[in-house]
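Working notes, structure below.
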């Protein structure tokens, strides 16, 4: 009996050692697979993206038909939209054509053509033109008004936060942006400024989507340099500006 127990112990120990080895091997393989799977994501997380985007450019613009137009997915529609806006800018800005005058002239021409067509069709025994009834739906206008209200409230909240004096960096950025916009506005009127922004919106996203790696690398270097310059400005000038104890006043 004692011999049988002594002979069985090494077998049991060897079986336990094999099982333990397999378990350890599985754990090591799992850890290796986790490291392999984690390494690409960690590499991707280190890549700098402009404006902190985490999705493709098409999804950033909504992923619908407006994004297709802005990113020239359908070149005919995008070219037609850009051409129409360019024609309107040429009429109103270069030819000094006014919007109200244009709407009145188009209405006069359309009404004259339809009236003559309807009158002549009774003499030549042909069917008069079918003039469809136009009814503007209510839902799109409500959606646009609701979206505009949300954006205006968000902008007012941001301006209120900036005016409270809590974030000096954001305050300086907004003031600098408004100052640059005022300079650009002194160079051209609102219509020309709107046209320039529209053309930039139809060209810059396409170029960024095509050369995003190079632009992101350049933007990363620029942001590093801007942070260095801001740190120097903060150390020499901004940190010496006296500020009131806002938190202490609130607590009191």
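Note that Cβ sites are derived from N, Cα and C of the backbone, with glycine treated the same way.
Annotation comment: TrEMBL describes 66-252 as domain 'Reticulon'. Residues annotated as region 'Disordered' in TrEMBL: 21-41. Residues or ranges marked as transmembrane segment in TrEMBL: 77-92, 98-117, 171-201.
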Looking only at residues six or more beyond either end of the transmembrane segment (171-201), which have a C-beta under 8 A from one in the stretch? 70, 82, 85-86, 89, 92-93, 159, 162, 165
Take the domain 'Reticulon' (66-252) and average the pLDDT across it for me. 83
